[in-house]
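Chemist: Before I ask anything, let me first share the structure, which is written out below as C-alpha coordinates.
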(Lines of atoms letter the chains of each structure in order from A and count residues from 1; the text may use other names and numbers.)
(Lines give C-alpha, C1' and ligand atoms only; values in the text may rest on other atoms or scores of the structure.)
Protein backbone atom coordinates (compact mmCIF):
# COMPACT_ATOMS: atom_id res chain seq x y z
CA UNK A 1 0.00 0.00 0.00
CA UNK A 2 1.26 3.49 -0.80
CA UNK A 3 -0.39 5.00 2.27
CA UNK A 4 -0.43 3.79 5.86
CA UNK A 5 -2.94 5.34 8.27
CA UNK A 6 -2.30 4.73 11.92
CA UNK A 7 -2.27 6.47 15.27
CA UNK A 8 1.02 7.38 16.92
CA UNK A 9 2.31 4.37 18.83
CA UNK A 10 3.05 5.13 22.45
CA UNK A 11 5.31 3.02 24.69
CA UNK A 12 6.25 3.39 28.35
CA UNK A 13 9.63 2.65 29.88
CA UNK A 14 10.18 2.63 33.63
CA UNK A 15 13.62 3.66 34.87
CA UNK A 16 15.21 1.44 37.54
CA UNK A 17 14.79 3.01 40.99
CA UNK A 18 18.10 3.99 42.58
CA UNK A 19 19.36 2.43 45.84
CA UNK A 20 18.77 5.56 47.92
CA UNK A 21 15.34 6.31 46.42
CA UNK A 22 12.01 5.27 47.87
CA UNK A 23 10.14 3.21 45.30
CA UNK A 24 6.72 4.49 44.32
CA UNK A 25 3.87 2.05 44.04
CA UNK A 26 2.79 1.01 40.53
CA UNK A 27 1.72 -2.15 38.72
CA UNK A 28 1.88 -3.33 35.11
CA UNK A 29 -1.00 -5.35 33.69
CA UNK A 30 -0.19 -7.20 30.44
CA UNK A 31 -3.33 -9.33 30.44
CA UNK A 32 -5.57 -6.99 28.43
CA UNK A 33 -5.29 -6.44 24.69
CA UNK A 34 -3.49 -3.15 25.44
CA UNK A 35 -1.16 -3.33 28.46
CA UNK A 36 -1.95 -0.86 31.24
CA UNK A 37 0.12 0.86 33.89
CA UNK A 38 -1.48 1.67 37.23
CA UNK A 39 0.15 4.27 39.46
CA UNK A 40 -0.87 4.68 43.09
CA UNK A 41 -0.38 8.03 44.77
CA UNK A 42 1.09 7.52 48.26
CA UNK A 43 -0.95 8.87 51.17
CA UNK A 44 1.64 11.34 52.39
CA UNK A 45 1.70 12.98 48.94
CA UNK A 46 -2.05 13.49 49.06
CA UNK A 47 -1.28 16.24 51.56
CA UNK A 48 -3.49 14.75 54.25
CA UNK A 49 -6.71 15.98 52.62
CA UNK A 50 -9.12 13.12 52.67
CA UNK A 51 -11.04 12.18 49.48
CA UNK A 52 -9.88 15.13 47.41
CA UNK A 53 -7.09 13.38 45.54
CA UNK A 54 -7.48 10.35 43.38
CA UNK A 55 -5.73 7.33 44.87
CA UNK A 56 -4.63 5.67 41.65
CA UNK A 57 -4.38 6.33 37.91
CA UNK A 58 -4.50 3.85 35.06
CA UNK A 59 -2.91 4.45 31.62
CA UNK A 60 -2.87 2.26 28.51
CA UNK A 61 0.21 1.83 26.29
CA UNK A 62 1.17 -0.18 23.20
CA UNK A 63 3.71 -1.92 25.40
CA UNK A 64 5.24 -1.25 28.82
CA UNK A 65 8.92 -1.92 29.50
CA UNK A 66 9.62 -2.36 33.18
CA UNK A 67 12.80 -1.52 35.08
CA UNK A 68 14.80 -4.57 33.97
CA UNK A 69 14.16 -4.14 30.20
CA UNK A 70 17.41 -4.22 28.17
CA UNK A 71 18.43 -1.83 25.37
CA UNK A 72 18.31 -4.49 22.63
CA UNK A 73 14.72 -5.40 23.52
CA UNK A 74 13.75 -1.72 23.40
CA UNK A 75 15.35 -1.41 19.96
CA UNK A 76 13.71 -4.56 18.55
CA UNK A 77 10.23 -3.66 19.80
CA UNK A 78 10.18 0.11 19.27
CA UNK A 79 12.74 1.25 16.72
CA UNK A 80 13.20 -1.66 14.34
CA UNK A 81 9.65 -1.56 12.86
CA UNK A 82 10.10 2.18 12.21
CA UNK A 83 13.54 1.66 10.63
CA UNK A 84 12.06 -1.00 8.32
CA UNK A 85 9.42 1.45 7.12
CA UNK A 86 12.06 4.12 6.52
CA UNK A 87 14.08 1.68 4.41
CA UNK A 88 11.04 1.05 2.24
CA UNK A 89 10.44 4.78 1.60
CA UNK A 90 8.27 6.08 4.47
CA UNK A 91 9.19 8.84 6.93
CA UNK A 92 9.64 7.86 10.57
CA UNK A 93 10.04 9.59 13.93
CA UNK A 94 10.84 8.23 17.37
CA UNK A 95 10.76 10.66 20.25
CA UNK A 96 11.38 10.27 23.95
CA UNK A 97 9.38 12.38 26.39
CA UNK A 98 9.71 12.57 30.16
CA UNK A 99 11.19 14.51 33.04
CA UNK A 100 14.93 15.07 33.39
CA UNK A 101 16.65 11.99 34.74
CA UNK A 102 13.91 9.57 33.67
CA UNK A 103 16.11 7.93 31.03
CA UNK A 104 15.32 9.77 27.76
CA UNK A 105 18.93 10.24 26.64
CA UNK A 106 19.81 6.73 27.83
CA UNK A 107 16.99 5.35 25.68
CA UNK A 108 17.73 7.44 22.57
CA UNK A 109 21.55 7.74 22.60
CA UNK A 110 22.54 5.19 25.21
CA UNK A 111 25.00 4.97 28.06
CA UNK A 112 28.76 5.28 27.60
CA UNK A 113 29.87 2.59 30.07
CA UNK A 114 29.08 -0.65 28.27
CA UNK A 115 28.70 -1.55 24.60
CA UNK A 116 25.40 -3.25 25.45
CA UNK A 117 24.12 0.11 26.73
CA UNK A 118 24.01 1.58 23.21
CA UNK A 119 20.72 3.36 22.61
CA UNK A 120 18.28 3.63 19.73
CA UNK A 121 20.39 5.95 17.49
CA UNK A 122 23.56 3.79 17.24
CA UNK A 123 21.56 0.57 16.97
CA UNK A 124 19.35 2.04 14.24
CA UNK A 125 22.42 3.16 12.29
CA UNK A 126 23.89 -0.37 12.58
CA UNK A 127 20.64 -1.94 11.49
CA UNK A 128 20.13 0.43 8.53
CA UNK A 129 23.66 0.04 7.11
CA UNK A 130 23.42 -3.70 7.65
CA UNK A 131 20.22 -3.85 5.58
CA UNK A 132 21.64 -1.55 2.88
CA UNK A 133 24.65 -3.83 2.41
CA UNK A 134 22.42 -6.88 2.06
CA UNK A 135 20.24 -5.25 -0.60
CA UNK A 136 22.15 -5.01 -3.88
CA UNK A 137 19.02 -4.40 -5.98
CA UNK A 138 19.15 -0.62 -5.33
CA UNK A 139 21.67 2.17 -5.08
CA UNK A 140 21.43 3.91 -1.70
CA UNK A 141 22.79 7.22 -0.43
CA UNK A 142 22.67 8.12 3.24
CA UNK A 143 23.10 11.50 4.96
CA UNK A 144 22.78 12.57 8.57
CA UNK A 145 22.12 15.85 10.39
CA UNK A 146 22.13 16.67 14.09
CA UNK A 147 20.15 19.68 15.31
CA UNK A 148 20.00 21.05 18.83
CA UNK A 149 17.25 23.44 19.87
CA UNK A 150 18.10 25.45 22.96
CA UNK A 151 16.09 28.46 24.20
CA UNK A 152 14.21 28.53 20.88
CA UNK A 153 17.42 28.77 18.82
CA UNK A 154 18.62 26.02 16.52
CA UNK A 155 22.29 24.97 16.45
CA UNK A 156 24.08 22.67 14.03
CA UNK A 157 25.91 20.03 16.09
CA UNK A 158 27.68 18.59 13.05
CA UNK A 159 29.46 21.76 12.12
CA UNK A 160 32.67 20.21 10.77
CA UNK A 161 34.88 23.25 11.30
CA UNK A 162 35.41 23.09 15.05
CA UNK A 163 34.49 21.40 18.26
CA UNK A 164 32.59 24.11 20.08
CA UNK A 165 33.45 25.15 23.59
CA UNK A 166 30.31 27.24 23.90
CA UNK A 167 26.88 26.73 22.40
CA UNK A 168 27.05 30.22 20.86
CA UNK A 169 30.07 29.16 18.74
CA UNK A 170 27.92 26.76 16.74
CA UNK A 171 26.26 27.90 13.50
CA UNK A 172 22.69 29.13 14.06
CA UNK A 173 20.05 27.17 12.21
CA UNK A 174 17.00 29.06 10.94
CA UNK A 175 13.69 27.87 9.57
CA UNK A 176 12.53 28.74 6.06
CA UNK A 177 9.13 27.85 4.70
CA UNK A 178 8.53 27.53 0.95
CA UNK A 179 5.31 28.26 -0.93
CA UNK A 180 4.11 24.66 -0.47
CA UNK A 181 4.52 25.03 3.28
CA UNK A 182 7.51 22.71 3.35
CA UNK A 183 10.03 23.45 6.09
CA UNK A 184 13.68 23.95 5.14
CA UNK A 185 16.43 24.32 7.72
CA UNK A 186 19.02 26.87 6.69
CA UNK A 187 22.62 26.35 7.92
CA UNK A 188 22.04 22.77 9.02
CA UNK A 189 24.82 20.66 7.52
CA UNK A 190 23.79 17.44 5.85
CA UNK A 191 26.77 15.09 5.85
CA UNK A 192 27.03 11.94 3.79
CA UNK A 193 27.76 8.71 5.65
CA UNK A 194 28.72 5.78 3.45
CA UNK A 195 28.99 3.23 6.26
CA UNK A 196 28.14 2.65 9.90
CA UNK A 197 31.53 3.83 11.18
CA UNK A 198 31.27 7.22 9.44
CA UNK A 199 27.73 7.67 10.75
CA UNK A 200 28.75 6.80 14.32
CA UNK A 201 31.69 9.22 14.13
CA UNK A 202 29.27 11.98 13.13
CA UNK A 203 26.98 11.06 16.02
CA UNK A 204 29.97 11.18 18.38
CA UNK A 205 31.03 14.59 17.02
CA UNK A 206 27.50 15.89 17.60
CA UNK A 207 27.33 14.55 21.13
CA UNK A 208 30.68 16.16 21.89
CA UNK A 209 29.40 19.49 20.61
CA UNK A 210 26.25 19.17 22.66
CA UNK A 211 26.49 21.60 25.48
CA UNK A 212 25.13 20.50 28.78
CA UNK A 213 25.13 22.88 31.73
CA UNK A 214 24.75 21.12 35.02
CA UNK A 215 21.48 21.50 36.84
CA UNK A 216 20.89 20.05 40.30
CA UNK A 217 18.32 17.62 38.87
CA UNK A 218 20.98 15.73 36.97
CA UNK A 219 24.66 16.22 36.21
CA UNK A 220 24.14 15.35 32.54
CA UNK A 221 20.76 16.97 32.32
CA UNK A 222 19.50 17.55 28.84
CA UNK A 223 17.95 20.97 28.76
CA UNK A 224 17.86 21.18 25.02
CA UNK A 225 15.95 19.22 22.41
CA UNK A 226 18.11 17.20 20.06
CA UNK A 227 17.05 15.82 16.70
CA UNK A 228 19.31 13.33 14.95
CA UNK A 229 18.05 12.68 11.43
CA UNK A 230 19.00 9.96 8.95
CA UNK A 231 18.09 10.66 5.29
CA UNK A 232 17.97 7.75 2.87
CA UNK A 233 17.45 7.95 -0.88
CA UNK A 234 17.35 4.87 -3.08
CA UNK A 235 16.86 4.02 -6.71
CA UNK A 236 17.00 0.91 -8.80
CA UNK A 237 19.69 0.98 -11.51
CA UNK A 238 18.17 2.19 -14.79
CA UNK A 239 15.01 3.47 -13.11
CA UNK A 240 14.13 7.16 -12.95
CA UNK A 241 12.16 6.76 -9.71
CA UNK A 242 13.84 7.89 -6.51
CA UNK A 243 12.59 7.08 -3.05
CA UNK A 244 13.50 9.54 -0.31
CA UNK A 245 12.74 8.99 3.36
CA UNK A 246 13.96 10.38 6.65
CA UNK A 247 14.05 9.13 10.21
CA UNK A 248 14.03 11.65 13.07
CA UNK A 249 15.33 10.39 16.41
CA UNK A 250 14.34 13.00 18.98
CA UNK A 251 15.53 13.48 22.54
CA UNK A 252 13.25 16.12 24.06
CA UNK A 253 14.23 18.34 26.97
CA UNK A 254 13.05 17.47 30.46
CA UNK A 255 9.33 17.97 30.93
CA UNK A 256 9.45 18.78 34.67
CA UNK A 257 7.87 21.91 36.05
CA UNK A 258 10.15 24.79 37.02
CA UNK A 259 9.55 24.74 40.80
CA UNK A 260 11.19 21.33 41.15
CA UNK A 261 14.53 22.03 39.58
CA UNK A 262 15.84 24.31 42.34
CA UNK A 263 17.45 26.68 39.89
CA UNK A 264 17.53 30.39 39.31
CA UNK A 265 18.88 33.08 37.03
CA UNK A 266 19.96 32.01 33.59
CA UNK A 267 18.87 28.44 34.20
CA UNK A 268 15.39 29.65 35.01
CA UNK A 269 15.07 31.44 31.65
CA UNK A 270 16.09 28.18 30.14
CA UNK A 271 13.55 26.12 32.04
CA UNK A 272 10.90 28.60 31.00
CA UNK A 273 11.87 28.23 27.33
CA UNK A 274 12.07 24.45 27.53
CA UNK A 275 8.69 24.27 29.14
CA UNK A 276 7.33 26.75 26.65
CA UNK A 277 8.35 24.67 23.65
CA UNK A 278 6.99 21.53 25.30
CA UNK A 279 3.85 23.49 26.07
CA UNK A 280 3.56 24.32 22.34
CA UNK A 281 4.19 20.68 21.52
CA UNK A 282 1.32 19.85 23.84
CA UNK A 283 -0.90 22.49 22.21
CA UNK A 284 -0.23 21.01 18.77
CA UNK A 285 -1.07 17.56 20.09
CA UNK A 286 -4.29 18.75 21.75
CA UNK A 287 -5.29 20.54 18.53
CA UNK A 288 -4.58 17.42 16.48
CA UNK A 289 -6.65 15.25 18.78
CA UNK A 290 -9.70 17.50 18.38
CA UNK A 291 -11.90 16.33 15.53
CA UNK A 292 -12.73 19.60 13.78
CA UNK A 293 -9.71 21.81 14.39
CA UNK A 294 -8.60 23.42 11.11
CA UNK A 295 -5.63 25.38 12.48
CA UNK A 296 -2.77 23.53 14.13
CA UNK A 297 -0.25 25.92 15.80
CA UNK A 298 2.93 24.31 14.41
CA UNK A 299 4.63 27.66 13.90
CA UNK A 300 4.64 28.62 17.58
CA UNK A 301 7.97 26.98 18.28
CA UNK A 302 10.97 25.76 16.34
CA UNK A 303 10.51 22.27 17.72
CA UNK A 304 6.96 21.86 16.40
CA UNK A 305 7.91 23.42 13.03
CA UNK A 306 10.70 20.90 12.51
CA UNK A 307 8.53 17.97 13.62
CA UNK A 308 5.50 19.16 11.67
CA UNK A 309 5.35 16.04 9.48
CA UNK A 310 5.87 13.73 12.43
CA UNK A 311 2.80 15.07 14.20
CA UNK A 312 -0.36 14.31 12.25
CA UNK A 313 1.44 14.34 8.90
CA UNK A 314 3.25 12.10 6.46
CA UNK A 315 5.14 9.97 8.97
CA UNK A 316 5.11 6.79 11.08
CA UNK A 317 5.61 8.20 14.56
CA UNK A 318 6.43 6.45 17.83
CA UNK A 319 6.71 7.97 21.28
CA UNK A 320 8.49 6.57 24.33
CA UNK A 321 7.31 7.94 27.67
CA UNK A 322 10.15 7.58 30.17
CA UNK A 323 9.04 7.35 33.78
CA UNK A 324 10.96 7.72 37.04
CA UNK A 325 8.89 5.79 39.58
CA UNK A 326 10.41 6.88 42.88
CA UNK A 327 8.05 8.57 45.34
CA UNK A 328 9.49 12.05 44.76
CA UNK A 329 8.72 11.92 41.03
CA UNK A 330 5.34 10.18 40.99
CA UNK A 331 3.39 13.35 40.13
CA UNK A 332 5.73 14.10 37.18
CA UNK A 333 5.32 10.54 35.94
CA UNK A 334 1.55 10.90 36.05
CA UNK A 335 1.67 14.07 33.95
CA UNK A 336 4.02 12.33 31.46
CA UNK A 337 1.50 9.48 31.15
CA UNK A 338 -1.35 11.94 30.64
CA UNK A 339 0.58 13.59 27.82
CA UNK A 340 1.25 10.16 26.28
CA UNK A 341 -2.48 9.31 26.30
CA UNK A 342 -3.20 12.47 24.30
CA UNK A 343 -0.45 11.70 21.79
CA UNK A 344 -1.92 8.23 21.29
CA UNK A 345 -5.08 9.81 19.81
CA UNK A 346 -3.25 11.45 16.89
CA UNK A 347 -3.67 9.84 13.48
CA UNK A 348 -0.84 10.06 10.96
CA UNK A 349 -0.93 9.25 7.27
CA UNK A 350 2.41 8.00 6.02
CA UNK A 351 2.86 8.12 2.24
CA UNK A 352 5.49 6.34 0.17
CA UNK A 353 7.88 9.12 -0.86
CA UNK A 354 8.62 8.51 -4.53
CA UNK A 355 9.62 11.07 -7.11
CA UNK A 356 10.89 10.99 -10.67
CA UNK A 357 14.31 12.40 -11.48
CA UNK A 358 13.75 14.56 -14.61
CA UNK A 359 17.36 14.23 -15.81
CA UNK A 360 17.19 10.45 -15.72
CA UNK A 361 13.81 10.59 -17.43
CA UNK A 362 15.25 12.64 -20.33
CA UNK A 363 18.15 10.20 -20.77
CA UNK A 364 15.69 7.31 -20.83
CA UNK A 365 13.41 8.94 -23.39
CA UNK A 366 16.34 9.81 -25.69
CA UNK A 367 17.49 6.20 -25.57
CA UNK A 368 13.96 5.03 -26.36
CA UNK A 369 13.82 7.34 -29.42
CA UNK A 370 17.15 5.96 -30.68
CA UNK A 371 15.94 2.38 -30.27
CA UNK A 372 12.68 3.10 -32.10
CA UNK A 373 14.54 4.74 -34.98
CA UNK A 374 16.80 1.71 -35.30
CA UNK A 375 13.77 -0.57 -35.25
CA UNK A 376 12.13 1.50 -38.00
CA UNK A 377 15.25 1.34 -40.13
CA UNK A 378 15.25 -2.41 -39.67
CA UNK A 379 11.63 -2.77 -40.79
CA UNK A 380 11.67 -0.27 -43.69
CA UNK A 381 15.27 -0.89 -44.75
CA UNK A 382 15.84 2.87 -44.82
CA UNK A 383 17.51 5.19 -42.36
CA UNK A 384 14.97 7.71 -41.16
CA UNK A 385 15.70 11.44 -40.86
CA UNK A 386 13.40 13.70 -38.86
CA UNK A 387 12.64 15.99 -41.86
CA UNK A 388 11.51 14.99 -45.37
CA UNK A 389 14.02 15.95 -48.08
CA UNK A 390 13.19 18.36 -50.95
CA UNK A 391 13.16 15.46 -53.44
CA UNK A 392 10.71 13.51 -51.31
CA UNK A 393 8.45 16.54 -51.08
CA UNK A 394 8.44 17.00 -54.87
CA UNK A 395 7.74 13.28 -55.36
CA UNK A 396 4.78 13.55 -53.00
CA UNK A 397 3.50 16.65 -54.86
CA UNK A 398 3.54 14.68 -58.13
CA UNK A 399 1.83 11.69 -56.53
CA UNK A 400 -0.92 13.95 -55.17
CA UNK A 401 -1.38 15.64 -58.57
CA UNK A 402 -1.75 12.30 -60.38
CA UNK A 403 -4.06 11.02 -57.66
CA UNK A 404 -6.30 14.09 -58.02
CA UNK A 405 -6.39 13.92 -61.82
CA UNK A 406 -7.15 10.21 -61.80
CA UNK A 407 -10.87 9.80 -62.53
CA UNK A 408 -10.92 6.17 -61.36
CA UNK A 409 -12.94 6.00 -58.10
CA UNK A 410 -10.87 3.04 -56.84
CA UNK A 411 -7.48 4.70 -57.30
CA UNK A 412 -5.48 5.08 -54.11
CA UNK A 413 -2.69 7.35 -52.91
CA UNK A 414 0.07 5.10 -51.61
CA UNK A 415 2.99 6.80 -49.83
CA UNK A 416 4.17 3.82 -47.75
CA UNK A 417 4.06 3.40 -43.97
CA UNK A 418 5.62 6.74 -43.15
CA UNK A 419 3.62 8.99 -40.84
CA UNK A 420 5.50 12.10 -42.00
CA UNK A 421 4.54 11.53 -45.64
CA UNK A 422 0.95 10.77 -44.72
CA UNK A 423 0.74 13.97 -42.66
CA UNK A 424 2.27 15.97 -45.48
CA UNK A 425 -0.35 14.63 -47.94
CA UNK A 426 -3.18 15.57 -45.63
CA UNK A 427 -1.84 19.11 -45.15
CA UNK A 428 -1.45 19.47 -48.90
CA UNK A 429 -5.01 18.26 -49.56
CA UNK A 430 -6.28 20.75 -47.00
CA UNK A 431 -4.38 23.48 -48.82
CA UNK A 432 -5.95 22.49 -52.14
CA UNK A 433 -9.45 22.49 -50.69
CA UNK A 434 -8.98 25.83 -48.92
CA UNK A 435 -7.31 27.60 -51.92
CA UNK A 436 -8.58 25.80 -55.03
CA UNK A 437 -7.40 28.60 -57.40
CA UNK A 438 -3.75 28.71 -56.46
CA UNK A 439 -3.11 25.20 -55.30
CA UNK A 440 -4.83 23.60 -58.28
CA UNK A 441 -2.22 25.09 -60.60
CA UNK A 442 0.79 25.06 -58.38
CA UNK A 443 2.57 22.48 -56.31
CA UNK A 444 2.46 22.77 -52.59
CA UNK A 445 6.20 22.87 -51.96
CA UNK A 446 6.62 25.58 -54.63
CA UNK A 447 3.69 27.43 -53.10
CA UNK A 448 5.56 27.72 -49.88
CA UNK A 449 8.65 29.24 -51.47
CA UNK A 450 6.49 31.63 -53.60
CA UNK A 451 4.59 32.72 -50.56
CA UNK A 452 7.89 33.34 -48.82
CA UNK A 453 9.01 35.59 -51.69
CA UNK A 454 5.73 37.53 -51.63
CA UNK A 455 6.03 38.01 -47.91
CA UNK A 456 9.59 39.25 -48.25
CA UNK A 457 8.60 41.78 -50.94
CA UNK A 458 5.70 42.93 -48.85
CA UNK A 459 8.03 43.47 -45.91
CA UNK A 460 10.44 45.47 -48.13
CA UNK A 461 7.66 47.73 -49.43
CA UNK A 462 6.34 48.24 -45.93
CA UNK A 463 9.84 49.30 -44.89
CA UNK A 464 10.11 51.78 -47.78
CA UNK A 465 6.73 53.24 -46.98
CA UNK A 466 7.76 53.76 -43.41
CA UNK A 467 10.94 55.52 -44.58
CA UNK A 468 9.01 57.87 -46.90
CA UNK A 469 6.61 58.67 -44.10
CA UNK A 470 9.50 59.66 -41.89
CA UNK A 471 10.99 61.89 -44.61
CA UNK A 472 7.66 63.64 -45.21
CA UNK A 473 7.30 64.25 -41.49
CA UNK A 474 10.73 65.90 -41.41
CA UNK A 475 9.91 68.14 -44.36
CA UNK A 476 6.60 69.21 -42.88
CA UNK A 477 8.37 70.18 -39.69
CA UNK A 478 10.90 72.23 -41.66
CA UNK A 479 8.12 74.02 -43.55
CA UNK A 480 6.37 74.87 -40.33
CA UNK A 481 9.58 76.41 -39.01
CA UNK A 482 10.01 78.51 -42.18
CA UNK A 483 6.39 79.66 -41.97
CA UNK A 484 6.97 80.85 -38.42
CA UNK A 485 10.07 82.77 -39.53
CA UNK A 486 8.11 84.53 -42.28
CA UNK A 487 5.41 85.47 -39.80
CA UNK A 488 8.00 87.08 -37.53
CA UNK A 489 9.43 89.06 -40.48
CA UNK A 490 5.95 90.34 -41.32
CA UNK A 491 5.23 91.57 -37.88
CA UNK A 492 8.52 93.49 -38.01
CA UNK A 493 7.51 95.02 -41.33
CA UNK A 494 4.21 96.11 -39.88
CA UNK A 495 6.02 97.84 -37.06
CA UNK A 496 8.40 99.59 -39.48
CA UNK A 497 5.44 100.77 -41.64
CA UNK A 498 3.84 102.36 -38.63
CA UNK A 499 7.06 104.24 -37.90
CA UNK A 500 7.22 105.50 -41.43
CA UNK A 501 3.73 106.90 -41.43
CA UNK A 502 4.81 109.01 -38.55
CA UNK A 503 7.91 110.15 -40.47
CA UNK A 504 5.78 111.13 -43.49
CA UNK A 505 3.79 113.53 -41.44
CA UNK A 506 6.90 115.35 -40.22
CA UNK A 507 7.74 118.03 -42.86
CA UNK A 508 11.49 117.92 -42.25
CA UNK A 509 11.92 115.04 -44.61
CA UNK A 510 13.25 116.39 -47.94
CA UNK A 511 11.65 115.44 -51.19
CA UNK A 512 14.87 114.15 -52.77
CA UNK A 513 15.31 111.73 -49.95
CA UNK A 514 11.84 110.42 -50.30
CA UNK A 515 12.19 110.02 -54.02
CA UNK A 516 15.75 108.73 -54.32
CA UNK A 517 15.67 105.84 -56.80
CA UNK A 518 17.22 103.35 -54.44
CA UNK A 519 14.14 103.66 -52.27
CA UNK A 520 11.79 102.34 -54.88
CA UNK A 521 10.86 98.78 -55.50
CA UNK A 522 10.84 97.80 -59.10
CA UNK A 523 7.46 96.37 -59.94
CA UNK A 524 8.76 92.85 -60.55
CA UNK A 525 10.56 92.78 -57.24
CA UNK A 526 7.42 93.88 -55.49
CA UNK A 527 5.46 91.13 -57.19
CA UNK A 528 7.98 88.47 -56.23
CA UNK A 529 8.22 89.71 -52.70
CA UNK A 530 4.51 89.88 -52.11
CA UNK A 531 3.85 86.44 -53.55
CA UNK A 532 6.59 84.83 -51.47
CA UNK A 533 5.05 86.01 -48.20
CA UNK A 534 1.83 84.51 -46.93
CA UNK A 535 -0.91 87.12 -47.52
CA UNK A 536 -1.68 89.28 -44.55
CA UNK A 537 -4.46 91.88 -44.68
CA UNK A 538 -1.66 94.44 -44.76
CA UNK A 539 -0.37 93.20 -48.14
CA UNK A 540 -3.66 92.29 -49.71
CA UNK A 541 -3.72 95.23 -52.11
CA UNK A 542 -3.41 94.60 -55.81
CA UNK A 543 0.12 93.49 -56.60
CA UNK A 544 0.42 96.06 -59.39
CA UNK A 545 0.56 98.91 -56.90
CA UNK A 546 3.96 100.15 -55.77
CA UNK A 547 4.80 99.16 -52.24
CA UNK A 548 4.20 101.91 -49.73
CA UNK A 549 7.23 103.86 -48.62
CA UNK A 550 7.37 102.15 -45.26
CA UNK A 551 7.70 98.74 -46.93
CA UNK A 552 10.44 99.96 -49.26
CA UNK A 553 12.29 101.44 -46.33
CA UNK A 554 12.04 98.20 -44.40
CA UNK A 555 13.06 96.14 -47.39
CA UNK A 556 16.16 98.28 -47.95
CA UNK A 557 17.18 97.96 -44.34
CA UNK A 558 16.61 94.23 -44.58
CA UNK A 559 18.77 93.98 -47.72
CA UNK A 560 21.64 95.92 -46.20
CA UNK A 561 21.58 94.03 -42.95
CA UNK A 562 21.37 90.66 -44.63
CA UNK A 563 24.60 88.73 -44.18
CA UNK A 564 24.81 87.82 -47.87
CA UNK A 565 23.96 91.32 -49.17
CA UNK A 566 27.46 91.90 -50.60
CA UNK A 567 27.51 88.54 -52.37
CA UNK A 568 24.09 89.23 -53.80
CA UNK A 569 25.22 92.64 -55.09
CA UNK A 570 28.31 91.09 -56.70
CA UNK A 571 26.21 88.40 -58.28
CA UNK A 572 23.89 91.07 -59.66
CA UNK A 573 26.84 92.96 -61.22
CA UNK A 574 28.05 89.73 -62.80
CA UNK A 575 24.64 88.91 -64.17
CA UNK A 576 24.33 92.41 -65.66
CA UNK A 577 27.69 92.08 -67.44
CA UNK A 578 26.78 88.68 -68.82
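The backbone N, Cα and C atoms fix where each Cβ goes, and this holds for glycine too.
What TrEMBL says about a protein is an automatic prediction, not a curated fact.
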Chemist: Tell me which range among 396-447, 448-499 TrEMBL lists as coiled coil.
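Modeler: It is 448-499 that TrEMBL describes as coiled coil.
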Chemist: Within its own chain, what residues at least 6 apart in sequence put their Cβ under 8 Å from the Cβ of residue 98 (ATP binding site), listed in sequence order?
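Modeler: Result: 104, 254, 255, 321, 322, 323, 324, 333, 336.
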Chemist: Compute the average pLDDT of the predicted model within the domain 'Kinesin motor' (7-346).
Modeler: 83
Chemist: Among the binding-site residues 101, 103, whose Cβ has the fewest other Cβ atoms within 10 Å?
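Modeler: Ranked by other Cβ atoms within 10 Å, the binding-site residues 101, 103 bottom out at 103.
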